[in-house]
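**Q** I have a structure here, written as structure tokens, and I will follow up with some questions on it.
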Amino acid sequence: MPRHIMSVTEMKAADAAAVAAGTPATTLMERAGQGAADAIRARWARRPVVIWCGPGDNGGDGYVIARHLRRRGWPVRVEALAPPASTSCRWAAERWRSEVHALNPAVTPADLYIDALFGAGLSRPLEGAADDLARAAEGLSARIVAIDTPSGIHGDTGRPIDGRALAAALTVTFHRRKPAHVLAPGRAACGEVEVIDIGLTDVAAGTLFENDPSLWGARFPWPSTDAHKHARGRLLVVSGEAWSTGAARLSARAGLRIGAGVVTLLSPPGALAINAAHLEAVMLAPFETDAELAERAANAAAAVIGPAAGLGEATARNLTALAGTGAALVVDADALTSFAHAPDQLFARLDRDDVLTPHPGEFERLFPGLLKSAPERIAAARQAARQAGAIVLLKGPDTVIAAPDGRAAVNLNGAPWLATAGSGDVLAGFIAGLAAQGMDSFDAACAGAWIHAECGAAHGPGLIAEDLPGLAPAVLKRLWDQRANPLP
Ligand SMILES: NC(=O)C1=CN([C@@H]2O[C@H](COP(=O)(O)OP(=O)(O)OC[C@H]3O[C@@H](n4cnc5c(N)ncnc54)[C@H](O)[C@@H]3O)[C@@H](O)[C@H]2O)[C@H](O)CC1
Ligand SMILES: [K+]
């Protein structure tokens, strides 16, 4: 089952739906608090703990956690920012039946801290004692467990509303992740995220998902037993000029590794010898004009254009020629920047099978001001996909994939090792290689990004882009083994 990422509003609607269906809000709070206490006990042995409780239901969770930890013999001290202001918080505080101290903004010495000040209801910047506490708690995150979200981080953006926020080693949230758990800087502030099931349904969920095999695994283009190479799709990759051929070869090799049946590198005449010297299974063919490119692409299922393709008119013409064929395009790097002066000309040539793979700088050139004006990068990528009429994969530690129809997914497995020259060329090849095998372009972009990140995480320090294609088989093998019994 695909895992939704839900907004604060959608979560509140899921909450309300459960209550309307007969589950009291206090029961949801009891499940949340008990689940959080269990997650805490699974990671830390009994030790002195201070629980910071806010006035709302986030605080209510804190009182429930206090009760469950004390029942297991933990030495618990509850400190309240303010008296309970919600019905459920009052209910939870009454059942705590022990002393409640005033919040000590200088941080009472303890071994572990539970941040139950604010969660989904954060509506303004931290102030007063809460802000003082956030300052005093800086550097303590290794000993903080945040409930729902680190206080100060807004659930829908992953950013502090304004000013300070707490950070945690573990964040326990409920039912589904929110954008705050997957978008920088909230993703880092959360530390490890654990999602507790409290019996809600996805009735209120939208079309934003965690990017993992549960989203696209069922549609992964495994070859049929009688497959032959042409049945697995033809992929074209456009090479740059003589001194700029490595990037396209990285894409081509990645396309082959991910399973495309036949991959052809289309090379300007001046780069043929250099390309030929480096190729084995990837085939090579010359092109000089955009018309020749279109001719070569006539029976290609997918094509990559952009990696070191060269900036300017020639690349723009070559893209235009490819866009006129039936091939699904993956447009990266120079092919994106070559339209910076006239993004609408690019968008007019694209269709929903095509995939743009900009990093934030390229995104800004094609969608000036959008990253800054959108509430966060998911909204920005969704708006861009609508504007371009194509799939937009906005790269970063929190890569977002968005389709013109509103579907979007966020990569959770990004690894810092991927920040190396040529990594994007390989990603473009993975995506196009999957599209060449007939995978829907949104699914191909999601699967390509997930596999790319898994390869990076598998290798770790010292990764260079040349390593990436060779790391794909192990990831594909895991997917292949799981296909029989997909992840829950
Ligand atoms: N379905 C679920 O996800 C469940 C979530 N639970 C918990 O409920 C909270 C959300 O509770 P809510 O009362 O809506 O909001 P908060 O407790 O986060 O805070 C609201 C409270 O705080 C005041 N406030 C907001 N911002 C500030 C600020 N900067 N300074 C001071 N005061 C502030 C606001 O006025 C309210 O009084 C969710 O996070 C979960 O932890 C349920 O327990 C189970 C189901
Ligand atoms: K919190």
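Numbering starts at 1 and runs along the chain as it is shown here.
Glycine is treated like the rest: Cβ placed from N, Cα and C.
Among the features that TrEMBL reports, (6S)-NADPHX binding site is placed at 57-61, 119-125, ASP148, ALA247, HIS359, ASP425. Feature annotation from TrEMBL assigns K(+) binding site to ASN58, ASP115, SER151. According to TrEMBL, the feature AMP binding site maps to LYS395, GLY396, PRO397, ASP398, THR399, GLY424. Look at TrEMBL and you will find 11-206 tagged as domain 'YjeF N-terminal'. What TrEMBL lists as domain 'YjeF C-terminal' is 212-479.
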**Q** From the binding-site residues listed here (ASN58, ASP115, SER151, HIS359, LYS395, THR399), select those whose CB sits under 6 A from an atom of ligand 2.
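**A** With ligand 2 as the reference and 6 Å as the Cβ limit, the list reads ASN58, ASP115, SER151.
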**Q** Given the binding-site residues ASP57, ASP61, ASP115, ASP148, ASP398, which one's Cβ is surrounded by the fewest other Cβ atoms within 10 Å?
**A** ASP398
**Q** I'd like to know which of the binding-site residues ASN58, LYS395, GLY424 sit within 10 A of ASP148 ((6S)-NADPHX binding site) at the Cα level.
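**A** Of ASN58, LYS395, GLY424, within range: ASN58.
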**Q** For ASP115 (K(+) binding site), what is the secondary structure state per DSSP, taken as helix, strand or coil?
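**A** Its secondary structure by DSSP: strand.
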**Q** For ARG124 ((6S)-NADPHX binding site), which of the three DSSP-derived states applies: helix, strand, or coil?
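**A** Looking at the DSSP assignment, ARG124 ((6S)-NADPHX binding site) belongs to neither helix nor strand, so coil.
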**Q** Tell me, how many other CB atoms lie within 10 A of the CB of GLY424 (AMP binding site), whichever protein chain they belong to?
**A** 25
**Q** Just checking, which of ARG124, HIS359, LYS395 (binding-site residues) has the fewest C-beta atoms within 10 Å of its C-beta?
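**A** Among the binding-site residues ARG124, HIS359, LYS395, the lowest count of other Cβ atoms within 10 Å belongs to ARG124.
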**Q** Over all pairs within LYS395, GLY396, PRO397, ASP398, THR399, GLY424, the annotated AMP binders, what is the largest Cα to Cα distance, rounded to whole Å?
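**A** The two farthest binding residues have Cα atoms 14 Å apart.
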